[in-house]
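Everything below concerns the one structure shown next.
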Amino acid sequence: MPKRTDISNILLIGSGPIVIGQACEFDYSGTQSCKTLKSLGYRVILINSNPATVMTDPEFSHQTYIQPITPENIAAIIKKEKIDAILPTMGGQTALNAVMQMHQRGMLEGVELLGAKIEAIKKGEDRQAFKEAMLKIGMDLPKGRYAYSELEALEAISEIGFPAIIRASFTLAGGGSGVAYNIEEFQELAKNALDASPINEILIEESLLGWKEYEMEVIRDGKDNCIIVCCIENIDPMGVHTGDSITIAPSLTLTDKEYQRMRDASFAILREIGVDTGGSNVQFAIHPETLRMVVIEMNPRVSRSSALASKATGFPIAKVATMLAVGFSLDEIKNDITNTPASFEPSLDYIVVKIPRFAFEKFAGVSSTLGTSMKSIGEVMAIGGNFLEALQKALCSLENNWLGFESLSKDLEAIKKEIRRPNPKRLLYIADAFRLGVSVDEVFELCQIDRWFLSQIQKLVKAEEGINSSVLTDAKKLRGLKNLGFSDARIATKIKENENLEVSPFEVELARSNLQIAPHFEEVDTCAAEFLSLTPYLYSTYAPNPLPPIGNKQEKQEKKILIIGSGPNRIGQGIEFDYCCVHASFALKDLNIKSVMLNCNPETVSTDYDTSDTLYFEPIHFECVKSIIQRERVDGIIVHFGGQTPLKLAKDLAKMQAPIIGTPFKVIDIAEDREKFSLFLKELDIKQPENGMAKSVDEAYSIANAIGFPIIVRPSYVLGGQHMQILENIEELRHYLESVTHSLEISPKNPLLIDKFLEKAVELDVDAICDKKEVYIAGILQHIEEAGIHSGDSACFIPSTLSPEILDEIERVSAKIALHLGVVGLLNIQFAVYQNSLYLIEVNPRASRTVPFLSKALGVPLAKVATRVMVLEDLKEALKFYDKKNIVEYSKGVYKPKMPHFVALKEAVFPFNKLYGSDLILGPEMKSTGEVMGIARSLGLAFFKAQTACFNPIKNKGLIFVSIKDKDKEEACVLMKRLVELGFELCTTEGTHKALEKAGVKSLKVLKISEGRPNIMDLMMNGEISMAINTSDHKSQDDAKLIRASVLKNHVSYFTTLSAIEVLLLALEESSQEDELLALQDYLK
């Protein structure tokens, strides 16, 4: 059946900002879908609020609406663009929920849904409808009951018994779900789940804790052809959300009979739900002893697991699902990797392991115990010839300084406690248990992880015990260790531990070289090497290979450049850096240079099979990078676009004289080394805050006293402001040093940076591109939040409202720094304007997280321009090549973009609602997971749109709760008076009430939690508070923390800085004005 010709305008709904449960995988699927629809001749219209995505680049759609994903905006686009059909299955839960809301409100008249019809979405997502559908086709389900109120939930639990699992309908990443072991826990979980479900429906089920969990990635076409793309096995048993579980593909502990039962059931489920053109994810649980199989749930859309399955098999699920949605059948679609029909089920001759990445260190008070509600921020994937090789490679990919199965404890009781408790380090504690002689059966009783996986870890521990210096001369032993996934660095560490002999990773590598032990590279080809692979998608392995290996060296023909990616998503290093790597690949294609991509993140566009000419799915470690450089014999290496991950490799790469292109290592070193950089700034006569670098705890005290408080402290070489704090006095410094030295040593190698804190300063981000001769000031972004809040967490906008004189000085100083440093490529500079003077805060000679936003806002693709500059060292030529709309002008000695006639604002998105116990107050340590963009004709309207897009909508009437810290009260009174004049009522606790009363501002006094009832929490729970303003800090009393927790729990919109309140007032004053709904292409005309 050929493509449909009765539709022409297709609207694709994106997933919005990166949040827990919905990350870069939907940029990958959305980008693939946009490209596919466009190549088929359809007119593609996209709505997505996330500017850091590749899919929102204007060339991927005919009209790109970077707007909040609301039913109202979608309806307006349908009318304006004359939409024939909507594809909602590429935008995660966000897209499905949006179309369901529109359907319920009668807003989809005359528009067809592609990929999944309303009935299919309802049956798949509504737990009651799903249960009825499963019973109809004879599927076994966990015993359960539905409830729509707290009373019904209590009736259900009396029937189900404890422990019980509570699940909410139409939620993302297990939102609102949990396991209750007693009635008190149950009542709280049931209330939370009812609140989380947009249709107030929850399912109370019998516990399946300890059962084995599997996922099937299924595709079905309009002719009822069905295929299994991949069967994914969860190592962690039921009770841990699959997004937080370590998973493997293909499944290793299923019998063929069980697999066939699951396969048949998956096909029957898709038919009954009504998914007739696209992909779905179906989850099962199997009792480890009785082998009873039950259906858990299904997603009638492309999911996080679909991205993993695509990368694990090389099968482009999103592309195939898109083609099926517009009329093709599986046998009409070609697999791009092998040129065989897409109806062939993929076959794997390797093992894939996925491990999630968490960020508990960023959120004090959040439990690291894993459960049915997802908590991970990102994930890594590794491919190996056997399970242990893949597992150890995955551990090495996590970017948390693990070289393999690191030992965490020798206390057996503490180890057992950690094995019982699902947590991100559980596998490492299991290895520790085996080191202390605990048996496989004993460990199984503690964690219910399948004995096969436990015996594999035990095997690895036994192999570790035998590592000594003799392996450096014994080819059989050393090859055996490499076959088990041991890195050179881990082998060196174990030799030191076992023999107390200092051996470096380089010496292990040298021994391998002498013994002719090197990895061979294999292809991910979807067909276990049965057909010729046309796209190089590679992984390394030391596993014995019966087939002739691809080899360790490539024939040198065309020019090649290696792009080192950013690894797993985590706070401080997210999708923005992957965006830059993808653009580097596109720019190399424009230069007719072959691109070689290295990354280990299965969610991203950079690891899609057709983004680069060659893809290596490997840990971003020096050992792996070196083997790829030797194999590919690249002409250049880009380390500047993947954040801190590749930058950390620059020193070792420079030592081996690897061909780093762009800004050289010596420049990176000057910018990263505080002492060298301070000297550099003094030579250029550029102001910076008073500072010092403490190489010991004693020196930290003396520097702090010399500078004077308040100070801001941070360790060197960190991203995302980790361990960064503002300290007001010597007591706070003492407490900080006592806490930080538990995890970080302060030494000459790892000094502590101490700066004078510029209170109430206006911060700015500048992105620039330099070719050693000329400079392009790509944008000056003004922060809304004042100094002291991490730049990644602050809202920022362009054009700036600062005076022309200050802006001229920023341009002049930026150009001076870029030219004198010798930057070739991108440069990010952070400034602060304090008491009308310009201070330099820091310089990063690499891509920054603001590059995608500025590229969208101003219409110049900065990462592409920078890549071209790094290759050709000609800024003028690069700007001319990419400035298609004549945006760039030359003025006052620098290139710069013409300022737009609109305001573009970037706002951060936080995971507080997913991480119970986290505090919403911001500081110098970054906490946001994603971003949204608001574009409008004024700052107020842009802010209004951005708040809507990041789930913090501005209400234009109602009761506002206000709690202000003492030092802010005088300034706050003026702002609160304006809120009252706009028609709001204020309610405050005693201290703020007195300050407002003294200033003549009317407010209603409410009780704190500790003062009795009814108190402020009661007002929030009753839905009486429309917004909350809270500028207290982390040092505030427990009452204030409980109030902030209540704000999150009750979905109250909140603002935590006075500078944000000022822009909020602008938004409220302008909110009655209509702002025309425009596509990015219209703004950039």
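In case you wondered, yes, glycine gets a Cβ from its N, Cα and C as well.
The region 'Carboxyphosphate synthetic domain' annotation in Swiss-Prot covers 1-399 and is backed by sequence analysis.
GLN283 (Mn(2+) 1 binding site) carries a strand DSSP state (E or B). Feature annotation from Swiss-Prot assigns ATP 1 binding site to ARG127, ARG167, GLY174, GLU206, LEU208, GLU213, GLY239, VAL240, HIS241, GLN283, GLU297; the stated evidence is sequence analysis.
What Swiss-Prot lists as domain 'ATP-grasp 1' is 131-326, and the listing cites sequence analysis. On the 0 to 100 pLDDT scale, the domain 'ATP-grasp 1' (131-326) averages 90 in this prediction.
The Mn(2+) 1 binding site annotation in Swiss-Prot covers GLN283, GLU297 and rests on sequence analysis. GLU297 (ATP 1 binding site) carries a strand DSSP state (E or B).
The region 'Oligomerization domain' feature in Swiss-Prot is assigned to 400-551.
Annotation source Swiss-Prot lists region 'Carbamoyl phosphate synthetic domain' at 552-951, citing sequence analysis.
The domain 'ATP-grasp 2' annotation in Swiss-Prot covers 678-871, and the record cites sequence analysis as its basis.
Swiss-Prot lists ARG714, LYS756, LEU758, GLU763, GLY788, ILE789, HIS790, SER791, GLN830, GLU842 with the feature ATP 2 binding site. On its own chain, GLU842 (Mn(2+) 3 binding site) has ILE829, GLN830 as residues at least 6 apart in sequence with a Cβ closer than 8 Å to its own Cβ. DSSP assigns GLU842 (Mn(2+) 3 binding site) to a strand segment in the three-state reduction.
Annotation comment: Swiss-Prot describes GLN830, GLU842 as Mn(2+) 3 binding site, evidence class sequence analysis. Secondary structure at GLN830 (ATP 2 binding site), taken from DSSP and collapsed to helix, strand or coil, is strand.
The annotation Mn(2+) 4 binding site is assigned in Swiss-Prot to GLU842, ASN844 on the grounds of sequence analysis.
As annotated by Swiss-Prot, region 'Allosteric domain' applies to 952-1085.
Per Swiss-Prot, the feature domain 'MGS-like' maps to 952-1085.
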Quick one: of the binding-site residues ARG127, GLY239, HIS241, GLU297, which has its CA closest to the CA of LEU758 (ATP 2 binding site)?
HIS241
Neighbour tally for GLU297 (ATP 1 binding site), based on other Cβ positions within 10 Å of its Cβ:
17
Do you know offhand how many angstrom separate GLU297 (ATP 1 binding site) and ASN844 (Mn(2+) 4 binding site) by C-alpha?
46
Sorted by position, what residues of the same chain at least six away from GLY788 (ATP 2 binding site) have a C-beta under 8 A from it?
ILE712, ILE726, PHE757, GLU759, GLY923, PRO924
Which one is it: of the binding-site residues LEU208, ARG714, HIS790, whose Cα lies the shortest distance from the Cα of GLN283 (Mn(2+) 1 binding site)?
LEU208
Local Cβ density at ASN844 (Mn(2+) 4 binding site) - other Cβ atoms counted within 10 Å:
20
Could you tell me how many residues in the domain 'MGS-like' (952-1085) are helical, how many are strand and how many are coil under DSSP?
63 helix, 22 strand, 49 coil
Other CB atoms, at most 10 A from the CB of HIS241 (ATP 1 binding site):
23
